[in-house]
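According to Swiss-Prot:
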type	residues	note
SIGNAL	1-29	signal peptide
TOPO_DOM	30-404	topological domain 'Lumenal'
CARBOHYD	ASN163	N-linked glycosylation site
CARBOHYD	ASN372	N-linked glycosylation site
TRANSMEM	405-425	transmembrane segment
TOPO_DOM	426-433	topological domain 'Cytoplasmic'
TRANSMEM	434-454	transmembrane segment
TOPO_DOM	455-470	topological domain 'Lumenal'
TRANSMEM	471-491	transmembrane segment
TOPO_DOM	492-577	topological domain 'Cytoplasmic'
Amino acid sequence: MKFHPTRPFGLYFEFFIIISFFFTSESTGDVESFMKYSNVAFSEGLAGFDSLAHVYQALLKKSTCYQEVAATLISKCSLLNTELTIDNRIHSAIQMTLCDFERSQILAPSECVRGSQSECVSKLESTSTWWLSFTSHFHDVNHLCRLANLEMQKELSIEVNMNVTLVQKQFLEMVILHLRNFESVTDKMNQRIDKFDGKFNSVIENSFKDINFRVNQEIMGLVELQNHQQEGMVQQKEILSTIKQLKSEIFDINSFFANFIEESAGYSNSLIEKLNEKFTSENAIALSAIGKYTSEFSAFMEKRIKNLITTTEDSLQQSVQSNIDFVNSGFQPLYDLTIQLKEELQSLKRLSSEQQNLQHEQILQWKSDFLNVSKDHLKVLQQLRPLIDIVEKFMNVYFKGLSNIISSFAFIGFTLFATLSSLFFKVLKIHRRPIIVFGSLSIIFIHIYCFKITSWVNLYGWITCTIARTLSFIKLNIRTFYLTAFLCALLNFLRYLKYRNSKKDTELSLFLPAPEECNIYHNEHIQVQEDNYLCPIENSLIDLFGSENNKEKLGKQENVRFAFLNSESLEQSPWWD
């Protein structure tokens, strides 16, 4: 492809910017960090996904054509839920290449507009810049699809976490509601217990008052009975003392009436015996009456105490049983609810653990995929380094040539400024000597600058500028000044045309095709069949299109088109050397 004069230089620069944007973005730093540290942490490795997001955002910020292609690509990825097929990737890459044509205001090939997909690929392969744009988009299609899938997985994880949070919120609200019900039931139970305590205390107090009253009455009766018994004993003692007195009197009478006592001894003995029997029977009757009264009182008191204890036990047992039934009726729903909540918590915990395991496995899979993609990017970047060096060299030479041309026009501007100054002073009728001094200084300065940019061109330019400077110093006038400026500008322009019309094509020097032989370690020659470069797969420096099966499905050996951009394949001399 020849360098056409009307074709803008910005087109080649634009294609270079497109390539460098996708392969030298912020992910370059991440790739170098992967090479420097083999065991990189996963938190640092996830930063590479930001680079893919930047690529996706860059496509969205472009024209409507890029946005439509990106939207179609994302919809296909979401429907397939897997990696795109080769046909889909080629179709998307062709559409993005057409967007590049539209953006650069280049007429798209008819094969890509109305022809088949294979014809379009063949047409793009015929031009190196078109093919470079197509291959760069072909690589980025699968990355954008993975980015879309990651966004879908992210939204799904967020939705699952929101559902779990909602379940936890509902569970907490239910627990709070049941706790409030439990508090109300507990308050009612406390009120009933307080009321029961008051009634129980009043019943116990009244019962003890009645018992104390009855016990006091019985004690008073016992005291009175004891008093009567003591009075009987006193009377018995008095009777005994009286009997003693009678005995003494009888003894006196017997002593006085000894004879009479002997006679009446029998009568007296019988009388004493009768009296003893009488007093003994009376004492036995009194003691039996006291024992009978005491046993009856003890039985009555024991019966009353048993009745009181039985009544108290029955009332207490009924009250306690009613309270127990009331408490059981209040706690049974709460117990059932607690069992149900425990089962729900166990199921929720099991579901959460399963979800965490799934997320962990998915993150590990993403990590391995990202490492593989990063390695592929690193290989591509390593092979593009010689191309970047060539482009940098090319840009430096072109900018230097443009600087020389601009310097020539600046030289002409200085000349026009001196001419206008001379005319201005002439119109104002100022003395001519300042004009000569100003013109001399300007010519000296411009000659020095002209010598700087033309002295190293060639011998012819050096001799011409030397003659022009000599004439300028001999005759300081405007004509020689114009001659010097014109010659310097002409030399710079001729130098540009010399390299512009050189035999070696500029574009082919910049984007070098594959050489006629594979520059591998043993310099094994290859066979050339229908303009295809067939190199052994195991000796290729890089495989830009993935597995070996993909190579058989693509166009004319795309997989080795840029496989030999190494230091040995760049031995062809470009035009600037």
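Glycine is no exception: its Cβ is also placed from the backbone N, Cα and C atoms.
Geometry remark: ASN372 (N-linked glycosylation site) versus ASN163 (N-linked glycosylation site), CA distance 34 Å. In this view, ASN163 (N-linked glycosylation site) is surrounded by 11 other Cβ atoms within 10 Å of its Cβ, with every protein chain counted.
Confidence for the topological domain 'Cytoplasmic' (426-433), expressed as mean pLDDT, is 61. Residue density at ASN372 (N-linked glycosylation site): 10 other Cβ atoms are found within 10 A of its Cβ, drawing on all protein chains shown.
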